[in-house]
Amino acid sequence: MVEIDERNESPAPLLRILPGNSKAVKIRLPLTNRLLKRRISIPVILGLLWFVLLITGPLFIRIDPNRIDLYRFVEPPSLNALLGTDENGRDVLARVLAGARVSLIIGFSSAAISLILGTAFGSFAGYRGGWLDNLIMRFVDFSLAVPTIIIILLVAAVYGAGEFQLILTIGLTGWMPVARLARGQVRELKEMLWVEASQSIGASSSRILIRGIMPALGPVLFIAGVSELRRAVILEATASFLGAGILLPNASWGNMLTSAQVYLLTAPWLALAPGFALSITLLVVGNFRSLVATPRLKKKERVA
């Protein structure tokens, strides 16, 4: 029987041959332990609190973000409206929280699509190699040459703008970088001795790939997933700012910034509120990415 030593710190697990006649490959690799055992920094804790605030905010701010009250035209921040009101008398705080819901839904959904497709295609191409690997990678190179925002604008022109269109477009155009990353890691891992030992005892290629190599990709895929989340939030805000994403009266940080352009001098809080929320969210997502990326880079530097 083959067992994976979970105490190993290398990207690929360490193989140990155990007595027994079974040809099964027994893999015990709780990669999440490496994340849980690391000291959680204050920026990460603050980032988690920020996401909790965005998610639970509407439970405490029970104000309709689309409710129009022309008597409250562009009111400055006050106790009645903590972040003021916009040109239609709508509560800015309620709309910022509604925009957060849109950004997080689109971000996580499209990142999940990119992660699943990229991992599948990249792992398959890296493990099989040959002409199929070259075909997939040439398609990836060609697709990466086309700006995603151009595709979003084309989809909006043909099928209309909306949340569903954004999720599909961002997700289906984001798996290529994940595939390249997964392919490189799989090509490196499949040359390890534990893979050769698993093959020598009769383990199938699919079993080695799914039960052995895929779990070892955990930290790398986490980094890729967080990067895709950040990319999706930026693209959603950009598309909504250009009128190809979330359309008014529905709230989005992007279309809130568009509406605020007219009032930059007279009512700067209309732009500061969504701009601050977008900036902090991107900063928090970047901190989560560095939680895994920085230790891996330091480890590679020590090895070099």
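These residue numbers are counts, starting from 1, taken along the chain as shown.
Placement of Cβ uses the backbone N, Cα and C atoms for every residue, glycine included.
Note that TrEMBL annotation is computational and uncurated.
Look at TrEMBL and you will find 40-61, 102-127, 139-158, 208-226, 232-250, 262-285 tagged as transmembrane segment. For 100-289, the entry in TrEMBL reads domain 'ABC transmembrane type-1'.
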Counting only pairs 6 or more apart in sequence, are there at least 3 Cβ pairs under 8 Å between the transmembrane segment (40-61) and the transmembrane segment (232-250)?
no
For the transmembrane segment (208-226), which recorded stretch in the set 102-127, 139-158, 232-250, 262-285 gives the largest number of Cβ pairs separated by under 8 Å?
102-127
Intrachain residues whose Cβ lies under 8 Å of the transmembrane segment (102-127), provided they are six or more past its termini:
51, 54-55, 133, 136-137, 163, 166-168, 170-172, 174-187, 190, 205, 209, 213-214, 217, 221, 224-225, 228-233, 236-237, 246, 250-253, 278, 281
